[in-house]
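Participant: For reference, Swiss-Prot lists these features for the protein:
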REGION    344-366  region 'Disordered'
TRANSMEM  33-53  transmembrane segment
TRANSMEM  64-84  transmembrane segment
TRANSMEM  111-131  transmembrane segment
TRANSMEM  146-166  transmembrane segment
TRANSMEM  172-192  transmembrane segment
TRANSMEM  234-254  transmembrane segment
TRANSMEM  266-286  transmembrane segment
Amino acid sequence: MSSSSEYRFLTYINGTVVDYIEWRLPLQFIYSFEVGMMVTNFLEYVYTFYLLLRFRAMHSNLHILLLLYGGQYFFSMISRAVLLYFQFHDAESMNDPSFADLIYTANYTRTICLFVAFNMLPFLVFERCFATCFAGTYENDRHYWIPLLLISIMMPVCVFSAVAYINNWFSIYTHGILLIVLNIGGSLLLIIVTKCNIRLHNSYSTLEHHGLYSLSERFQVSENIKTCQWLSRIQGSILFFNVACVSLLVLENVSMNDKMVIVSNVSFNILCTIYAAVTPIIVIIYTPEWTRETIRLWHLIFLLSNTDQLDLRTTFGEEMNYSDKNIESKVYFDQLQRNLTEEAMKKSKKKHRSSSWNNSEHEIFL
């Protein structure tokens, strides 16, 4: 990391220091591993965006915030790739001013994107607070102004925090404490919102409040509980990675030992990459619609390719492969009609035999 009283890098290591302590070769190996993980993460996020755009597994307002949460990673990944390129090629030896401008742009982009990720959890919970306040109309009216309001508040805060961090306007302790407090506060607020919705839902069963709530309000409160429980399952990993990454960021900036600074920096970047890889997996696991689609695609791609194709045949061994679906449907219904007719004839014959037997018995008794 290169930092001074005027400018602070978030994810960059001074190559001169690396050469001095003779760590260039192991760091290049670690960077190669990070690049491989970033390629895997890119494919993972493309698939996650396919699920986000294909299936509406949550309210549209929460859906918009998740699109922003996942979308920032593409810009963060591109900027990190630029920094890694210059890290591999020893940017300190490049005297072209355009290289320096590109490094600064990548640094600003990555820092802003990471601050968006670090601040997202409380804003996801704020959306659930609005859903609780507007329980009667939240599903019908949508209230698209809510995510716009939250984003219009969050983005300036994240941009200002990133610029303040880079330009060293505040101490690293200020940034670290604020981010940790925001994330822990968001988790506590989620617990409170969940309990409020459960208490509100339980009050419906009492005779005292039975007629005070409409059917749409009851449905929305049930959806709030379901969504809050879903968010509670995934917020644990988000909280852990946010607090861990911020702690490493603080450790990196307060360490006086060059080796400790580099270890903290590398650990921070690897942890951010793992953070980006784990979060979509957890969301997919706890979202039933996404899980079913993932299982379906898994069977379609990996299992069916290893299974022998069996041709459909009639009871007489004739193949039933038809290029035209209309012909196939006609053959199916013709066979079905033939089977139904045969069963009806068998029942009719059986009934006729039974009737004949009864008549013969009657004649004997006479």
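The backbone N, Cα and C atoms fix where each Cβ goes, and this holds for glycine too.
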Participant: With CB pairs under 8 Å as the measure, which of the listed stretches 33-53, 64-84, 111-131, 266-286 comes out on top against the transmembrane segment (146-166)?
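Facilitator: It is 111-131, which has the most Cβ pairs under 8 Å.
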Participant: Please give the sequence-distant neighbours of the transmembrane segment (33-53): residues at least 6 beyond its ends with Cβ less than 8 Å from one of its Cβ atoms.
Facilitator: 63, 66-67, 70-71, 73-74, 77, 80-81, 84, 269-270, 273-274, 276-277, 280-281, 283-284, 287, 289-290, 293-294
